[in-house]
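Read through the structure below, which is laid out as structure tokens, and then see the notes.
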Amino acid sequence: MLRLSNLSSLDHNSKISCTAENIVGGKESSLLLDILFPPKITKLSEAIPDHHWCIPFSVSGNPEPELQWFLDDEVVTEGLYIMTMIHDITEREYHGCLQLDSPTHFNNGRYRLVAKNEFGMDQREVEAHFMHKPIEGLCLHFVIVQVYVVVGIAAVAFTGFLLMLIILKFGGNSKFGIKGPSSVISNDDDSASPLHHVSNGSNTPSSSEMGPDAVIIGMTKIPVIENPQYFRSTNSLLKTDTFVQHIKRHNIVLKRELGEGAFGKVFLAECYNLSPDQEKILVAVKTLKEASENARKDFHREAELLTNLQHEHIVTFYGVCVESDPLIMVFEYMKHGDLNKFLRAHGPDAVLMAEGQTTRPVELTQSQMLHIAQQIASGMVYLASQHFVHRDLATRNCLVGENLLVKIGDFGMSRDVYSTDYYRVGGHTMLPIRWMPPESIMYRKFTTESDVWSLGVVLWEIFTYGKQPWYQLSNNEVIECITQGRVLQRPRTCPKEVYDLMLGCWQREPHMRLNIKEIHGLLLNLAKASPVYLDILG
Ligand code: ADP
């Protein structure tokens, strides 16, 4: 037996040979030393930008060490956008990268690599900085605003106090006995304190005091912009010569309430003399409850826009009725209502209570789901051809008619009934963050490509029978998740081809996403491959 001692990892893989010789001849045999030793991180360097970002490292150890990354002491969950890659192995030394795909400021921080095997562990840290926060020094900005507000209040209070003193002194001595201002004071005891007067509003800085155009999510300042669809003068859909059809009030007979929209109730109605071949047809009328000057302007703009949007998978807009309040928009009636409710009603959890008995409605089949998806994609191809960016594509904004006919039916933002689908920012702006890609969340960039992302989420909604995307997460967690590059998981009933399509919609880089026409083509082919049996919905 050859006994070896004081060996180190450096001796790993060394060749030990044994030769035996006598007068007749010789024989040699050899082996490589397999030395077990604890991990050692021999290199951990600063991040380098390449095709992807890379934090390079080298680790030795035998057996192969397990690697775990921490960012500011929190475990880094590896996935599509962050992963450990080993490029080279030499003598039990592993050389690789922590590879980051398009990291943002969320990825900045102190990266700690921990390498472990059964003989021990080693760890090392490195700082990495990929991107500045969209607005640095926001905290400072916030504090300054607070200081301004407090100083402002104090200044106004002081001026008010001085003014009152002057009024008391001179007003009270008026030879005509003018009661004016002094009576204001005596009539309202509460207002005796000038501070009360000026603080009559809000003395805490609201988001509007920070500028109406910004909102803070975590430490990120996100600009809030009005829906440019309405304000872009170059928008081909807002032509100056658009003829919006006006319908007489006496031609509309309300039948029952269908739902509550963001701006007022929606009713089922009969509309007379709308088409030459039918005396009356069923329509859905949307009412505008509060018609301020601005709301009226938006109403007319939306009516023009809707008049110019005409496609078999966009809900038909018949016209307006503005003879008196409330203002009314008239649409074609879609019998099965909004797609989200429809999906839930035809999913595994749906239970219909009919005449005291619990009966299960028919569940949607995969081919019906594909048929639904294909129609929405078709509507989106049309919108993209009109350079119209929807910004709020979701199943709640699609409508279902007879024979599983699906149309995109809502172009406004925000809905009360689905308020948890939106993230309220800057007072009244609501954002459908669960349907938004990273660039829309971080930079408020809305494009046809961001609509494609939302279409991917719509596919996910369809194949989960109307589940809320990231239902298990809070809004802040969703923002964190999406900006970190996580994507929704494959729904249980979703074929691989369809999930691949979703992944194609959720490429982080907008230009890498599938084109809307491609998506429509793929869905059409998949839908054709499995024909739909429409009658099962009854
Ligand atoms: P808003 O655009 O003001 O938020 P919605 O379009 O969301 O209003 O309408 C609210 C509800 O009214 C929908 O969830 C749907 O159930 C019903 N609804 C709206 N439009 C139609 C329609 N054309 N046909 C049938 N039901 C409709």
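Cβ coordinates are placed from backbone N, Cα and C, and glycine is handled just like the others.
Its Cβ placed at the centre, D392 (active site, proton acceptor) has 24 other Cβ atoms within 10 Å. As annotated by TrEMBL, active site, proton acceptor applies to D392.
Here TrEMBL flags 258-266, K286, 332-338, R396 as ATP binding site. Annotation for G337 (ATP binding site): same-chain Cβ neighbours under 8 Å, separated by at least 6 residues, are L258, G259, L399, V400. According to DSSP, G337 (ATP binding site) is assigned to coil rather than to any helix or strand.
N397 (Mg(2+) binding site) falls within a helix when secondary structure is assigned with DSSP. Per TrEMBL, the feature Mg(2+) binding site maps to N397, D410.
According to TrEMBL, the feature domain 'Protein kinase' maps to 252-523.
Taken from TrEMBL, the feature region 'Disordered' covers 188-210.
If you look up TrEMBL, you'll see Y230 marked as site 'Interaction with SHC1'.
Sequence annotations record features per position, and here TrEMBL assigns site 'Interaction with PLCG1' to Y533.
The transmembrane segment annotation in TrEMBL covers 138-168.
In this structure, none of the recorded positions G264, D392, N397 sits close to ligand 1 with a C-beta under 6 angstroms from any of its atoms. Looking at the domain 'Protein kinase' (252-523) alone, the prediction's average pLDDT is 88. Closest to D392 (active site, proton acceptor) in space, going by CA atoms and restricting to the binding-site residues G261, G264, M334, is G261. Other Cβ atoms within 10 Å of the Cβ of N397 (Mg(2+) binding site) number 25 in total over all chains.
If you take the Cα of D410 (Mg(2+) binding site) and the Cα of G261 (ATP binding site), they are about 10 angstrom apart, rounded to a whole number.
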